[in-house]
Amino acid sequence: MTILIDRHSDQNDAGDEIVEKNQGNGKEEETELVLDAGFEAPHTNSFGRTFRDYDAESERRRGVEEFYRVNHIGQTVDFVRKMREEYEKLNRTEMSIWECCELLNEFIDESDPDLDEPQIEHLLQTAEAIRKDYPDEDWLHLTGLIHDLGKVLLHSSFGELPQWAVVGDTFPVGCAFDESIVHHKYFKENPDYDNPSYNSKYGIYTEGCGLDNVLMSWGHDDYMYLVAKENQTTLPSAGLFIIRYHSFYALHKSEAYKHLMNNEDRENMKWLKVFNKYDLYSKSKVRVNVEEVKPYYLSLTNKYFPSKLKW
């Protein structure tokens, strides 16, 4: 994986090789960071198939496609605004980060074609893989642990939202649905698809408006972003960016919607691309010893969050 960076040196803090690239088109010479850390992405998922292959025949394929059909029909501007208005109140409960992690033991993500393990397994796999390769970036370890905590929206005490309103790839609403979005064909049944206010390239937005001003399809990403922000986390902006956009594959895989990004977004994208490698490819059947790593992650939650958060 290669990401653009601004600084010019021979190595980054993790020892990754930095290679100079001349664009050859009259633009400034840019530097690329070649991620050369210890974690190696496997070729197949826990089912022995290619990662994020939504067409491969598998026991989960039909269920995943049906999930996206319902998701793409239901995620409208009106729905997103309604959900944000409801959940930004943060009046459901108060609990710690770790208590929230434990709640996720009950759930399996129906939109994920790569894994059928409880969510806390994925959180710890992601965090531990990052920790191994980036030992000095403790904020990134914690981001790995908490990035999916918004999936508590599936829990009865949080409204028990249907999976299509909690998980899956995210995308902007209020502008055209890019064709790179998985199972794009189902957007034709979305009420916003033929709405002239929402179906152009920019829709209700302007060029370079910044992703923070863009309504994203509602789900665990946006909810956890709201929780972290409103509870005054001291995570760097890149951490919040990862939390809100880690499921925005149309952007960080297909480079769609870049016309909405501002300079801060472009800076934070560098870390999102680093994170995505671990989020996607660390999924496996190998268990993490929860009790062994728990004290370390409790120390991080105490560093970057209050002991109890409003949810």
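Cβ coordinates come from backbone N, Cα and C, glycine included.
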According to Swiss-Prot, Asp148, His220 bind Fe cation 2; so which of His183, His246, His252 is the extra one listed there?
His246
Other residues near the Fe cation 2 site, CB within 8 A of the CB centroid of Asp148, His220, His246?
His147, Leu149, Gly150, Lys151, Val167, Gly219, Asp221, Met224, Ile243, Ser247
Other residues with Cβ within 8 Å of the Cβ centroid of His122, His147, Asp148, Asp279 at the Fe cation 1 site?
Gln119, Leu123, Thr126, Gly144, His246
Tally every other Cβ atom lying within 10 Å of the Cβ atom of Asp169 (substrate binding site).
22
Packing count at Asp148 (Fe cation 1 binding site) (other Cβ atoms within 10 Å of its Cβ)
25
